Every structure is written in structure tokens, then in C-alpha cells.
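K.L.:
Quick one: the structure is below, questions incoming.
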Amino acid sequence: MMRNGQPLIWGGLAAITLALYVFAAQFPFLVSFPDTWVASPTDAMNRWMNGFVDTFGPAFKAVGWLLEWPIWAAQGLLGILPWSVTTIFLVVLGYAASGWRLALFVALSLLYMAGIGFWDESMNSLAIVLISVPMALAVGFGFGVWGAYSERAKRVIMPMLDLLQTIPAFAYLLPILILFGFGTTVGLVASILYAFPPMVRNTILGLRAVPPEITEAGLISGATPSQLFWKVRLPAAQAQMLLGVNQTTMASLSMVIIASIIGGTNDIGWEVLSTIRKAQFGESLLVGFVIALIAMVLDRITYGFATKDRAQGRNRNALRLWGITAGAMIVTGLLSLLIPALHTWPDALVFDPAPQMNEALEYVVINGRETIDTIKNSAFFFIMLPIKIGLSKAVSPFTWGFALSPPIIAGYALIVAGVAAWAFVRGRATLASLIVLGSVFLFIGLTNVPWVALFTTLICASYIIAGRGLAIGTACALLFLIVAGIWPQTVLSLYLCGVGVLICFTFGTAIGIWASESRVVSAIVRPIIDTLQTMPLFVILIPFVMVFKIGEFTAVLAVIAYAIVPAIRYTEHGLRNLPPAVTEAAEAIGATRTQMLFKVKLPLALPAIMLGLNQTIIYAIGMLVIAALVGTNGLGQQIYIGLGDGDFGVGMTAGIGMAVIAMIADRMTQAISKRKQEEFGVSSDII
């Protein structure tokens, strides 16, 4: 939109930003939002929550007491069953889902859990997941069916899902804690709230994607509305909905540690927290890997059933397989009464490589301290600090070896002008104006850019990318952040998130391209990114803190480790799933491998790559809350302050702020992706 006017818009914004910076003393209210204009909603939110608790608190406490019973029952059952019996059942389940390879992986994963001495804790975590997942699926299915059949309901449901998936879980832990009190119920409710949105989305997508001819065939056969839903539409949407089951299971398990903060149960999440508090690198990594393995096992099993041929699932041998399995479980259970090693994993067989891991890390830290400090200081002083506070303040003799004198500033301006002129001469007027605007922002620093300039820039970007609707929504959302008094924290979060996303997208896309061109690289990369995606966020922090200590550099590294996954995954997916006819046509006209990649594959895969950018931003924002533990001062820190002080208003306001950033970025990247899909006539099937 407004492609011809873009150079004027960006160039004008650059001039306004520079003018406001130069004349800050004359227009202070346009540079920093005056405190007297702030109208924080925190007090009103706290009063509302107090009134709500006074009125409905007893009812929620009663519901919480009822919800504790199924958790206790599941933990009791898994606690009583011998490890050998549980292993047999889960291994056969893996075989039924996807064959012997998955069965072997499940067996090795369970042996690892028992072998490091955390079988009971693993089963307690699994019990919570087994209770929370069916409840989340039921809630998600109900909302999904409603949204699939009612456009009005869908317009209400989708923003609700956006909020639940973008507000950090820590932000709504406090209201749940206030309503339900301490205990396992709080973790259960938090898991359900976090995990049910994927089921809603996939149910709506699956039911709305049922081919019309299938529905018409059911109507012709005389099916009633009830029969049409249960016997026609639901089976046709089953594969898509099973993918929702898979994603809901993963989301529920990702809440294990967060739930342990307020649940205090003897599970894997609690063990991870305990080892983190003691700064035990080896122990926390070993225990954190248990959660990653549980996640991968459940992911592979649910995905196997989701993608399995339904006719194959009705194989006559299935009944025989489960009959033999039941017999083996009964026999093993009886033998465990005679052979204690079959009931409880022997202590003599427990292995603990944690001391060796701690020694190895200590050796690296001690012997590589000079190199580590060089990497940290170079990245912080030459990349991060200029983006944060600008070259005008970051450049100094202490760090850069020279002062930012007028001749050097003039040289900087000449270089920028030269690069912009080169772009303009080549017919890239918009790029030239963006270079000028970016150089002004870099000189001033993101945290020092006048609020009016940054506010206007984001609104203009929204309008150019997605039109008037998003521009109005962005303006309203940003005004809330400004008036609520959390604009400085928002800008700090944008800085950390922006640096992390820039690095993630650059290197993640490159790795994804490499993996798409090489099956060997793909086979190496995939288990690594699976582990990073399923490893608890707290655990990802530990090695970085041990090596680089606390600070913004450590926080950015943690963001990169977590948020680089979707950039890799979506890029590889997009490049591997292009229409064969297009690539065959390019080969037929003699395109080289390089031409094929840059002229054919990358343009066609751009929608999927943009979806990867979308998810990278969402992941980075989600990691900011965890990164606040190592010294950052953005919105994530405000959420911790609210949780620690029991201040619902502070925590929820910051959570809404992070949701606002995520949703604006989401809508922008979706608009770009949609535009590219229309331009190239392709579609992305990534959910």
C-alpha cells in the first residue's frame, strides 16, 4: 500500500526524529512522555480483582479442591505400577503409533529416566499431563466446534486465543493463584489455559476444511444434523484435529516447571527448579533432559497417530497386539512381586554423570575466560549497546578507542548519504529512505528515540504493510502502553527482542536453507532443534549464566537458543515442500543450483519463511520473561515484580504489553506472508 509515497514517509520520519532529538530541550513532552499524563490501570485492576475474589473466591476454592482428586488418582496409579509394566505399555503404544523405531526411542527414553534415578518424579509430571491434556482437549473441542459453526463466535474466540497465547504464562499465574490458592490445582488450571488454544484452532480449521461433497453426500443419505456432525464431518476433520491433540499435549508439558513454582509437587519441574537454585549445571541439565524426552515421546506418539492411515489403524492384528501386551503387563507385574528390580529400579544401576559435566564446564570457564570475556564485551559494546543507547553515547575512548567527535559524526553522515544515494540511483527509493531512518535510529539509540517518533513509525509501518485496520489497532495498543506508564519497559523489551530476532532469523534461515539442501545436515539439525524446543526454558538459561554470568548479553543468548528453532524449521519446511512442477520446469531450462535456490526456491518459499519469522518473534517474546531472571529490565521484569509482590495490576499490565507487541508483529508478518502467497500463487499449510 502507498508504495509511491513510502520514500517520503520514511524520509519525513527520519527528519522528524532527528529534529526532535536535536531540539529535545524545547519540546521535552514530545521526547519523553510526561509522568503527569500517565493514567496507570493497575490500581483499578487490583480493586476489580479484590472484588471478584471476595465474591467468587469460595466457589473457585471448591472447584480447586475437586480438581485435585484426579491428579492424586493419576499420580497414585503411576506410582504403584512397577517401572517395567509402565515401560511395556508405553513401548507398545509407540510401536502402534509409528513402528519399531519409535518403540526403541520410547524404550531408551524410559530407561534414561529410570537410570538417572528420577522415575517417580517423571511419573508425577506425566500424571499432571495426563489429566490436564484431556481437560484442555475438551475445552478446546467445545470452543472449536462453536467457532467452526458460528462466524460471530469465531470473531470473539480468535482474539481470546491470541491473548492467551501471547500473554506470558507468568502473567496469569497470579490471578489463578489468588483464586485457587497454592497446590497442584493452580498448575493444572495454568496448563489448561495455556494448552487449549491449539485444539481450538485445529478444530475450527479441520471442520471448516471438510470438502463440500462429503457433507452433501451425508445430506443425500438422509443424515440428521447430529449424525452429519458425528458420522460425517468429525471423521473427515479427524486428521487435522489430531494435530491439535499433538500441539495441545506439547503445550501442556511445557508448563511443567512453571506449574511447579506454585504447585510444589515432587515432580520433574520441581527437581529442575531445585537444581537451578543451587546453580548445579550438570544436575539441572540431566533432569531438564527428562522433560525434553517426555515431550519428544508424547510428540512422536501423538503425531504418529495423527498422520497414520486410518484404515491401517483398523488392522486385525491390533486386537492381538494389545491382548499380548496386556498379558505381558500382568505377568511382569506378578514377577515384580518376586523380583524387586522389576518393581523399583535398583540404586546400584543408577548413573550420575553430573559431577563430570560440572567439572567440564568449570574447566571451560576457567581456561577460556579471556576468550569468553572478549566475545561478550565485543558483542555488547559494538552491537547491543549502540542499538540500545545509540552511537552518540556508546562510542567512547574506553570501548571504541576514540571519541565521537564532529568530524567522525560528519563521516558517519557522509557514509549513510552515500549508501542511500547508491540505493536511490538504482531505483530503490524506499530502501534509500529506510537506510536514512535506520541510521538516525542507530545514532540516537532505540531507548532514546522520542516516543512520538517511534509511535508514529510503528503506525506507519502497520499501515504500509497491512492497511488502515492494523494501523488503527496499532495506534490504540501503543497508546495503552504509553498512557499505562510502561512505554520505557516496552522499548527495552523491543530492543532485546529485536536483537535476538535479527540474529535468529539471519542464522536460522541460513541453517534452514542448508538443511533443505542436505539430508545429512537435516538429520543432524532436527534432533538438536527438537531438544531446544522441548527443553525447559529455565534449563536453557543455565549454561549461558555459568559461562557468561548475568546481564543482557546472556539474556539475548538465551532468546537466540530458544527462538532460532522456528526460523530453521519453517525455512526447511518451505523449501522442501515446493510444487514439483515449478522446480522441474527450472531444471528443464538449465537453471544452475545457485539459480534454482535464489531465483526459484527462495521466492516461492518466502511465505513459509515469513511464518518462520512470525513464530521466531513470538518465541523471543515468550523467552523475555525467563530472560528477566538474569538482569533485564523490560516488561518481563515487571511481570516478576507483580508476581513477587502479589500485585495483579502490575503483572497483568506488563503481560498485556507483551501480548500487544506479539500481536502487532504477528499481524504484520501474516500480512507480508499473505501478500507473497498471492504474488506467487502459493499457499502455506503450516499451522
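Just so it is clear, glycine is given a Cβ too, placed from its N, Cα and C backbone atoms.
From TrEMBL, for reference:
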{"type": "DOMAIN", "residues": "122-302", "note": "domain 'ABC transmembrane type-1'"}
{"type": "DOMAIN", "residues": "490-669", "note": "domain 'ABC transmembrane type-1'"}
{"type": "TRANSMEM", "residues": "76-96", "note": "transmembrane segment"}
{"type": "TRANSMEM", "residues": "126-149", "note": "transmembrane segment"}
{"type": "TRANSMEM", "residues": "169-196", "note": "transmembrane segment"}
{"type": "TRANSMEM", "residues": "241-265", "note": "transmembrane segment"}
{"type": "TRANSMEM", "residues": "285-306", "note": "transmembrane segment"}
{"type": "TRANSMEM", "residues": "318-342", "note": "transmembrane segment"}
{"type": "TRANSMEM", "residues": "400-424", "note": "transmembrane segment"}
{"type": "TRANSMEM", "residues": "431-464", "note": "transmembrane segment"}
{"type": "TRANSMEM", "residues": "470-487", "note": "transmembrane segment"}
{"type": "TRANSMEM", "residues": "494-515", "note": "transmembrane segment"}
{"type": "TRANSMEM", "residues": "535-565", "note": "transmembrane segment"}
{"type": "TRANSMEM", "residues": "604-628", "note": "transmembrane segment"}
K.L.:
Quick one: find which recorded stretch in 76-96, 431-464, 470-487 has the most Cβ pairs under 8 Å with the transmembrane segment (400-424).
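P.N.:
Ranked by Cβ pairs under 8 Å, first place goes to 431-464.
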K.L.:
Using Cβ atoms and a strict cutoff of less than 8 Å, what residues sit near the transmembrane segment (431-464) while being 6 or more residues removed from its termini?
P.N.:
1-2, 6-11, 13-14, 16-18, 20-21, 24, 30-33, 386-394, 412, 416, 419-421, 423-424, 470-471, 473-475, 478, 482, 487-488, 491-492, 494-495, 498, 664, 667-668
K.L.:
Apart from its near flanks, which chain residues at least 6 from the ends of the transmembrane segment (470-487) lie with a Cβ under 8 angstroms of it?
P.N.:
33, 35, 37-41, 451, 455, 458-460, 462-463, 635, 638, 653-654, 656-657, 660, 663-664, 667-668, 671
